[in-house]
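Everything below concerns the one structure shown next.
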Amino acid sequence: MRVHVADHPLITHKLTVLRDKSTPAPVFRALTEELVTLLAYEATRNVRTEPVEIETPVTMTTGVAISTPRPLVVPILRAGLGMLEGMVKLLPTAEVGFLGMLRNEETLEPATYAERLPEDLSDRQCFVLDPMLATGGSLGAAIDFLFARGAIDVTAICLLAAPEGIAALEKATEGRDVTIVLGALDERLDENGYIVPGLGDAGDRLYGLV
Ligand code: PRP
Ligand code: URA
């Protein structure tokens, strides 16, 4: 598993505002989208392309187009939905599948409550969106799901991660082509499984309490 932690002052600045508990939901949503677009630039570095011939006003030349089958973007509901627009802005030809997962706040185990993905993902590049990688349970289950359907490589974009979640994913994804692109790697998990310093509950900050 490859882990890439973004190192850019714009990303760190936007994350600082996101972490601030006084940042209201509309600003939080706008910043989440902007951050994803910046992280998507790194996450799509190995997106597969194929050569295409085009004619400029001056001459014929060769460029590239995104290969088929088209990449699949998978936001993990709820919080991952806040990242979708920022991602498809950069990769407009991608298809979008959905996974709904809820972490049990007592056991910290994830449960899948919704799934709308192609049955066959053979030969597909997949991009998973989830802002928080805490214990790694939710992302690990999502990655297992995609590989079980035949995905060839999975890149996850997360705004924040805890070292405990990265270590758990390292083990769970051994031997698979998995890349994690992070806005920041935080210090630790607290006793409730929250990322420290973190930003709190991403789903609640985007969409309110349920
Ligand atoms: C949050 C977050 C991740 C998960 C991370 O979702 O968006 O999916 O927790 O925790 P983990 O790494 O320990 O699994 P949550 O289950 O709170 O659902 P929500 O997005 O609907 O708020
Ligand atoms: N889920 C969140 O939304 N935040 C955390 O810190 C951990 C899990």
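Using N, Cα and C of the backbone, Cβ positions are placed for all residues, glycine too.
If you look up TrEMBL, you'll see R78, R103, D130, P131, M132, L133, A134, T135, G136, G137, S138, D201 marked as 5-phospho-alpha-D-ribose 1-diphosphate binding site. A134 (5-phospho-alpha-D-ribose 1-diphosphate binding site): 26 other CB atoms within 10 A of its CB, across all protein chains. DSSP assigns A134 (5-phospho-alpha-D-ribose 1-diphosphate binding site) to coil in the three-state reduction, outside any helix or strand.
According to TrEMBL, the feature uracil binding site maps to I195, G200, D201, A202. Of all Cβ atoms in the shown protein chains, 15 besides its own fall within 10 Å of the Cβ of G200 (uracil binding site).
Feature annotation from TrEMBL assigns domain 'Phosphoribosyltransferase' to 5-208.
The 5-phospho-alpha-D-ribose 1-diphosphate site in the record is lined by R78, R103, D130, P131, M132, L133, A134, T135, G136, G137, S138, D201, and its two most distant CA atoms lie 17 Å apart. For the recorded uracil site, residues I195, G200, D201, A202 set the reference point as the centre of their Cβ atoms, and the other residues of that chain within 8 Å of it by Cβ are P131, M132, Y194, G198, L199, G203, D204, R205. Separation of the C-alpha atoms of R78 (5-phospho-alpha-D-ribose 1-diphosphate binding site) and I195 (uracil binding site): 18 Å, rounded to the nearest whole number.
The binding-site residues shown are D130, A134, G136, S138; of these, the one with its CA atom nearest the CA of G200 (uracil binding site) is A134. When the binding-site residues I195, D201, A202 are screened for a Cα within 10 A of the Cα of G136 (5-phospho-alpha-D-ribose 1-diphosphate binding site), none qualifies.
All protein chains included, D201 (uracil binding site) registers 13 other Cβ atoms within 10 Å of its own Cβ.
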